[in-house]
Amino acid sequence: MVAFTVDQMRSLMDKVTNVRNMSVIAHVDHGKSTLTDSLVQRAGIISAAKAGEARFTDTRKDEQERGITIKSTAISLYSEMSDEDVKEIKQKTDGNSFLINLIDSPGHVDFSSEVTAALRVTDGALVVVDTIEGVCVQTETVLRQALGERIKPVVVINKVDRALLELQVSKEDLYQTFARTVESVNVIVSTYADEVLGDVQVYPARGTVAFGSGLHGWAFTIRQFATRYAKKFGVDKAKMMDRLWGDSFFNPKTKKWTNKDTDAEGKPLERAFNMFILDPIFRLFTAIMNFKKDEIPVLLEKLEIVLKGDEKDLEGKALLKVVMRKFLPAADALLEMIVLHLPSPVTAQAYRAEQLYEGPADDANCIAIKNCDPKADLMLYVSKMVPTSDKGRFYAFGRVFAGTVKSGQKVRIQGPNYVPGKKDDLFIKAIQRVVLMMGRFVEPIDDCPAGNIIGLVGIDQFLLKTGTLTTSETAHNMKVMKFSVSPVVQVAVEVKNANDLPKLVEGLKRLSKSDPCVLTYMSESGEHIVAGTGELHLEICLQDLEHDHAGVPLKISPPVVAYRETVESESSQTALSKSPNKHNRIYLKAEPIDEEVSLAIENGIINPRDDFKARARIMADDYGWDVTDARKIWCFGPDGNGPNLVIDQTKAVQYLHEIKDSVVAAFQWATKEGPIFGEEMRSVRVNILDVTLHADAIHRGGGQIIPTMRRATYAGFLLADPKIQEPVFLVEIQCPEQAVGGIYSVLNKKRGQVVSEEQRPGTPLFTVKAYLPVNESFGFTGELRQATGGQAFPQMVFDHWSTLGSDPLDPTSKAGEIVLAARKRHGMKEEVPGWQEYYDKL
């Protein structure tokens, strides 16, 4: 345990080469918070007795009750390395003390937006995988997010104690399980990794994989064992590391290494990993768990483990825990892996800068980020807001990428829509103070140089969720984060007592600040809507709203799903609309956009902010668009970045450029609220074929053009075989074989489609993957548990939009029922207007 003061930390912050910013990511319940504990205990915050139970990073009451992590929390740890270890570090270092900023993030699918916020400010990730369950859907989602942010992974295979005690596996089986898990991680890594990163696959023989048990507080890497044996046998450590993994076998008779699993006489040899690493661990486990009093002291002496006074009287699991912790302390293995293999900010920002910064790659600010320069202009990205103990105020939590942030410093606070040279979304204010985030506590400090993670007080009222702080007037923003989930489940919230309304409004503002992925808005009919990514996420948000942010009793409507409106074919005739003064006409047609193009727009591969020539090139080469069309994209909608497009296909129209702004504004409006039931449009492409305009500018202003364009868009849309799309979850369910039948019956009842079912080799568990419409997912978890006797655990994550085949204009069809219910709820006329209503005759 290190006694560790703020001053020591502050001095380490200046040696940026010795800082490591990393996050812990994993599937839900694979043991992130538990592993984090053994690290925190090493840095001197939890007592050793509590590690494994305290879950120090789960700061909220509901996190401790539910046993899940909901918000990501940050902690700074201090670690000292021996000189020979420091020599092995491939990057520049200075001295042997290291500062590790660790962020524990939630594993539950519904909170993956929290994970994104954590990943943005870190350079490395500790991926935790359960030995028995292996790589699950969420491990893959989060790992994909990390690699997309150019973050280097290292892996911990956790819960090895379960494999030994519950499943009683043999050594070779355990080795095969490990090897399979490492392989499935590497498959994901090689699929999604960025070339810039080089080879970021994980190799046990290089020490980038650790094995252990968070609950018992022990872990090891192959490097640690190689170091032990290298000293004992006087061999080279690097050679030893290679031999302790994979197909290498040691023949004790001839004292020779071979890569065949039999010796000359055909007797089977034992794999080196099993013989040198697993054997001592298995022996300890068997001796202690079978209460062999005489064998234990002999083993302990061989392994140089000394028990103190009252520890000698322990037996069974309690003794096992103490012994394993002394033999292989988890913190040593993990800290060594983090310090040796994860990049320092200096190394990482060199290759992450261009991806973090919106402006050109050669301007002063981008170069300062690349060099992680503490003397340059300040560049700080706020990735989220953390509620303080005093109600309604927030710390801004983020990372300094360049420059130094000081208490009392005046900074430019740039929101996500800021454009250099304009005044929108910009505040110039002073930071009241700079604090260090330590899990449940904060420590004030004076200033903080580039490369570190930090909390700021006093700027929360100027930022919604994220933003860039800078002192340079020419600086562009840091790029906005891409969330892999979208808010698709909504509820309407009302107050029970009308006097509390102002508190609700204030509470909704605070809620949308504190959670990066929640949407709050007011609908046409005056309801307050809260949208979240799934049932659990919404439940937590509403609980926060009721108890913390608003603090008043609320009435909550049953959840509703967000739909999208789309078209299936090209408009059957050209839609024409005249302006209110009859002097201007717009002719257009609507047609569908391919799903892959819509996805590319939603995932930011095709970006409205890109150079139009480069964008046209991509669309022509990868998606088969006509280059002239791709160059003439006027805008994306809704909100300027959605998957709907306006294409200018007119020939030689006078004054056309003058109405472009009005057309764009009208299109944003039309795509935000479609004609069928006021939901957003998706995958609709509008081709403007011809425009007739009045010669006098005064007769073709916004007031004439905007309503015309909107009517024309609606008419074209309704003529093009309109359909509605519903959101679909990908569900992954892990369960024992006898429960599979129960899962199928529940899925069939809820319009689910099973995609795959496979057994995990070496375990009795089955993994079922299925598509489940979000609309049907409410109460799914409960029904599933009932049908399978509590043996199945579903994980749901938004996967795609699926088009409903039936006709939304026919009130008797499935789609028509949904439309009718929504129109009633929104207070619109019950029948959908026909295209004639928006179409004008010549």
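Using N, Cα and C of the backbone, Cβ positions are placed for all residues, glycine too.
Residues annotated as domain 'tr-type G' in Swiss-Prot: 17-346. If you look up Swiss-Prot, you'll see 26-33, 158-161, 213-215 marked as GTP binding site, on the strength of a large-scale study or a structure entry. Marked as N6,N6-dimethyllysine by Swiss-Prot on the basis of experimental evidence: Lys509, Lys613. The N6,N6,N6-trimethyllysine annotation in Swiss-Prot covers Lys509. For Lys509, Lys613, the entry in Swiss-Prot reads N6-methyllysine, with the evidence type experimental evidence. The phosphoserine annotation in Swiss-Prot covers Ser579. Sequence annotations record features per position, and here Swiss-Prot assigns diphthamide to His699. Swiss-Prot lists Thr713, Thr763 with the feature phosphothreonine, giving a large-scale study or a structure entry as the kind of evidence. According to Swiss-Prot, the ubiquitin cross-link annotation covers Lys841.
A map of Swiss-Prot features onto the structure.
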residue: Ala26; record: GTP binding site; DSSP class: strand
residue: Val160; record: GTP binding site; DSSP class: helix
residue: Ser213; record: GTP binding site; DSSP class: strand
residue: Lys509; record: N6,N6-dimethyllysine; DSSP class: helix
residue: Ser579; record: phosphoserine; DSSP class: coil
residue: Lys613; record: N6,N6-dimethyllysine; DSSP class: helix
residue: His699; record: diphthamide; DSSP class: helix
residue: Thr713; record: phosphothreonine; DSSP class: helix
residue: Lys841; record: ubiquitin cross-link; DSSP class: coil
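Scoring each of the binding-site residues (Ala26, Val160, Leu215) by how many neighbouring Cβ atoms lie within 10 Å, the top position goes to Ala26.
Long-range neighbours of Lys509 (N6,N6-dimethyllysine) (same chain, six or more residues apart, CB within less than 8 Å of its CB): Thr520. Cβ neighbour counts within 10 Å, taken over all protein chains shown, single out Thr713 as the most crowded of the recorded positions Asn158, Ser213, Ser579, Thr713.
Looking at Lys613, His699, Lys841, the recorded positions in this record, the fewest other C-beta atoms within 10 angstroms of the C-beta turn up around Lys841. For Lys613 (N6,N6-dimethyllysine), the spatially nearest entry among the binding-site residues Ala26, Asn158, Val160, Ser213 is Ala26, judged by CA separation. Ranked by CA distance from Ser213 (GTP binding site), the recorded positions Ser579, His699, Thr713, Lys841 have Thr713 at the top as the closest.
The separation of Thr713 (phosphothreonine) from Asn158 (GTP binding site), Cα to Cα, is 55 Å.
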